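Novice: Take this structure, written in structure tokens, and hold onto it; I'll ask about it next.
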Amino acid sequence: MRSITALFFLFCFLAPSALAQLRLGFYGRSCPRAESIVANVVANRFRRDRSITAALLRMQFHDCFVRGCDASLLIDPRPGRPSEKSTGPNASVRGYEIIDEAKRLLEAACPRTVSCSDIVTLATRDSVALAGGPRFSVPTGRRDGLRSSPNDVNLPGPTIPVGASIQLFAAQGMNTNDMVTLIGGGHSVGVAHCSLIQDRLADPAMDRSLNARLRNTCRAPNDPSVFLDQRTPFIVDNAIYGEIRRQRGVMRIDQNMGLDRSTRGIVSSFAQNNALFRNRFAQAMVKMGTIKVLTGRSGEIRRNCRVFNNGR
């Protein structure tokens, strides 16, 4: 109950800016089954593939940190017209078929009512709960963007310095605590290709047993993947922060958060208190979902999440 109350007050604090038309239960009258339709799609997929939580968390992050949470990432590239989806950092984003299925069912139940950006937000929220993370309410009422260009994409890489990452998050209205929460929480169920962790494998400070195990995995052909949280790779929890404190952070940015003076205290707090992490993660997810949203008459409600309504 405390976390729900905290989220309510957080939203009340955010609302006076550009968010007055985002609200809890936005589709209560226009599409009463909207949230349950999305939840059922996600649950059915999760039963077959628990990795969708990591996929959807990454999708929402990559969408919201480029021009805001407007589903611009979902637009398919076309000949002569590339989109965000076609650029480097987004090439490995997956889970679009989950959004497509939810959209198809929502269009059948409530045509032209539920935005693709809200579907992404709801689906990610539901997948977090299924993966053992916190359950929380999210305001809805977003509309879909009218632009998707690879030129707008400027996402952090796995070796970004902590200071640069703090600045990138600050540009989106997110603070240092939000950054540590979202990066660690997202990576608690994430994976990375071996090609992205070579700097960590060469780091003599890395835990020796973990280094040996990762090197053995990475000897396989075709750039295999490894779990970023070696303890509970399918659960959204605080275990990754404990791993970071023991020099067992797999990705450079994760380990650096445990070493940098501006973030190591937050890492330690989360490592020692899963309830604290869960509460902060829910708050940070709600906050991220409000970045530069379109509401009211701005943007559009796409009929197909992969193309703009005018067919561009």
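Cβ coordinates are placed from backbone N, Cα and C, and glycine is handled just like the others.
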Novice: Going by the disulfide annotation in TrEMBL, which one of Cys31, Cys69 is bonded to Cys64?
Specialist: Cys69
Novice: Between the binding-site residues Ser72, Thr232, where is the Cβ count within 10 Å the lowest?
Specialist: Thr232
Novice: If you count CB neighbours within 10 Å, which one among the binding-site residues Gly68, Pro156 has the smallest count?
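Specialist: Selected from the binding-site residues Gly68, Pro156 on minimum Cβ neighbours within 10 Å: Pro156.
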Novice: Name the residue among the disulfide-bonded residues Cys69, Cys110, Cys116, Cys305 whose Cβ has the smallest number of other Cβ atoms within 10 Å.
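Specialist: Candidates: the disulfide-bonded residues Cys69, Cys110, Cys116, Cys305. Fewest Cβ atoms within 10 Å: Cys110.
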Novice: Does Asp70 (Ca(2+) 1 binding site) have same-chain partners at least 6 apart in sequence with Cβ under 8 Å from its own Cβ, and which are they?
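Specialist: Set apart from Asp70 (Ca(2+) 1 binding site) by at least 6 residues yet with Cβ under 8 Å, we have Asp63, Ser117, Arg142, Arg143, Asp144, Gly145, Lys292, Val293, Leu294, Gly299.
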Novice: Could you name the residues, excluding Asp229, Thr232, Asp237, of the same chain that surround the Ca(2+) 2 site, i.e. Cβ within 8 Å of the Cβ centre of those residues, in sequence order?
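Specialist: Apart from the listed residues, the neighbours are Ser188, Val189, Arg231, Pro233, Phe234, Ile235, Val236, Asn238, Ala239, Ile240.
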